[in-house]
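Q: Sharing the features that TrEMBL gives for it:
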- A:36, A:37, A:38, A:42, A:43, A:44, A:45, A:46, A:47, A:48: ATP binding site (BINDING)
- A:68, A:213: L-glutamine binding site (BINDING)
- A:29-337: domain 'Glutamyl/glutaminyl-tRNA synthetase class Ib catalytic' (DOMAIN)
- A:340-440: domain 'Glutamyl/glutaminyl-tRNA synthetase class Ib anti-codon binding' (DOMAIN)
- A:458-533: domain 'tRNA synthetases class I (E and Q) anti-codon binding' (DOMAIN)
- A:35-45: motif ''HIGH' region' (MOTIF)
- A:268-272: motif ''KMSKS' region' (MOTIF)
RNA sequence: AGACCCAUGGUGUAAUUGGCAACACAGCAGAUUUUGGUUCUGUCGUUCUAGGUUCGAGUCCUAGUGGGUCUACCA
């Protein structure tokens, strides 16, 4: 093996390697990704998914997909399906079939009975309000419930009746008997089971009692033999409870390890806030290309590998973090630069007439598809007397450092000829430049240029007679503030970027792009990366802007 | 108020576990370029504070400061 630089380990990898070295669990590594099927996956989930799957892969382990479906009121199979699709899109495959916490309802019930028999759980008749009132406060001990000292027999009987449906919703709960004075509120006799008669998306009406997160998650981990249960920092206070149940139940000791969730500037990940964006039509849906959801980023054209690279670059620690969205964009560009074929498209067309080019003549110009990857080959582009260039590539009176077209200047059309700009025509009313007149140097053809003419710059272009028309949707960040939901007294909706979507309906695209499939990605030369939207049809092409190219000229201009 | 977690350039993450603080992104300057892209080179800038242990502290100890989390029959 080569002696490469020793790769540094994050703190979770360090724990795992230590466990492997100590032959803990026979050196086995088994992780899980445990979404609740009540919403769409977003960039934050991508981090958890990437971590769980890649870390298991790295140590020859496995990763389960387990739906944490213990709350029938909010959960649905629609989410189950989309979540699976998103994980597969990222390129991961879970071990075996998808698993469900609801598969373990009977086992969980039996666990609860065991705890009752040990005198470690009791049925409480108190209302939710009473339980909250008796909970105490931060720094203030709670009070024990009057039902806390029921006999094991009575508890067993009442719990069985709860299951049979003898009591109305909310009438009783099963609680763990731990310590009402504990400084960790979660250890003040946490609720294990509640009565709820909602129809469950998988078990239907089979159950009317459902376990709470704390009495389902760790137990499910244990049942599946999960060795390292990775979760975000907000569960750190749950760990003593996680461990307490495992110890009292005497079951497989999964270990919970917490890491800081990833925050990305200009993005929000609150399910509630995302839902509101959809409900109030600030976006077109969960898969709107501006959404931080995986389905949104997919539609936007972010390659899954770029998202994974981004998650890895963000790293794993226990600190609060705010990662620059620029890093995500860098990962997207870096990936697309290698993989996306170049085509030419003129977003804001300006007609150029080549006055010395024969009318009715067409030449085929050979253009490389990707200078980064020769194997992607070349294509032919028709060239004729009238072409479109980008309006921004012409200036009546350009400054010295402007490397584009202006009166008297020579500019190359990429892959074609060098043009000399002779004249331009303005609209009498608006003053807008309508047309530019040029002459071409016949011996300057790309690849066989003997003209000796120096071009000021190189422009992309499309032959007017051959161009295809397309709609292009220019997307920008959804919010104008890096942390829209972190401002006191202001709502995140106050920071919605009014220019997050701009629709161009008369874009000219070079003709030889073939049959376009939704999701297909291109670099519009000099303009950015674009992908075919699912709305696109053979008659009406629709492209989404994934991300712009890095633009040194724009930056220089901004500086003035 | 109590408990718990955290603190390294603008941002994020490292530092062979006590031995010359580095990598990436962003920024700046330049070279190359038939994409003002890519690539390449250079450059800017970092250990929260105060004590202590030590030959030696980003790393260990104490205190402080700052930030975060926790009182759902949600997950």
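Even glycines carry a Cβ here, placed using N, Cα and C.
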Q: Out of A:36, A:38, A:43, A:45, A:47, which of these binding-site residues is nearest residue A:68 (L-glutamine binding site) by C-alpha distance?
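A: Closest by Cα distance to residue A:68 (L-glutamine binding site) among the binding-site residues A:36, A:38, A:43, A:45, A:47: A:36.
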Q: If you run through the motif ''HIGH' region' (A:35-45) with DSSP, how many residues end up as helix, strand and coil?
A: 3 helix, 1 strand, 7 coil
Q: With residue A:213 (L-glutamine binding site) as the reference Cα, tell me which of the binding-site residues A:38, A:43, A:47 is the closest one.
A: A:38
Q: Tell me, if you would, which residue among A:45, A:47 (binding-site residues) has the fewest other CB atoms within 10 Å in the structure shown?
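A: Selected from the binding-site residues A:45, A:47 on minimum Cβ neighbours within 10 Å: A:45.
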Q: Work out, from DSSP, the number of helix, strand and coil residues along the domain 'Glutamyl/glutaminyl-tRNA synthetase class Ib anti-codon binding' (A:340-440).
A: 6 helix, 50 strand, 45 coil
Q: Which three-state DSSP class does residue A:68 (L-glutamine binding site) fall into?
A: coil
Q: Using DSSP, what is the helix/strand/coil residue split across the motif ''KMSKS' region' (A:268-272)?
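A: For the motif ''KMSKS' region' (A:268-272), the helix, strand and coil counts are 2 helix, 0 strand, 3 coil.
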Q: For residue A:38 (ATP binding site), write down the residues of its own chain that are at least 6 apart in sequence and whose Cβ falls under 8 Å from its Cβ; none is a fine answer.
A: A:71, A:74, A:75, A:76, A:79, A:271
Q: List the residues of the same chain that sit at least 6 positions away from residue A:36 (ATP binding site) in sequence and have their Cβ under 8 Å from its Cβ, in sequence order, or write 'none'.
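A: The answer is A:67, A:68, A:69, A:71, A:74, A:75.
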Q: How many neighbouring Cβ atoms, not counting its own, are there within 10 Å of the Cβ of residue A:213 (L-glutamine binding site)?
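A: Result for residue A:213 (L-glutamine binding site): 16 other Cβ atoms within 10 Å.
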Q: Among the binding-site residues A:43, A:68, whose Cβ has the fewest other Cβ atoms within 10 Å?
A: A:68
Q: Taking all residues of the motif ''HIGH' region' (A:35-45) together, what is their mean pLDDT?
A: 97
Q: Using DSSP and collapsing to three states, where does residue A:213 (L-glutamine binding site) fall: helix, strand or coil?
A: helix
Q: Can you count helix, strand and coil residues in the domain 'tRNA synthetases class I (E and Q) anti-codon binding' (A:458-533) using DSSP?
A: 4 helix, 32 strand, 40 coil
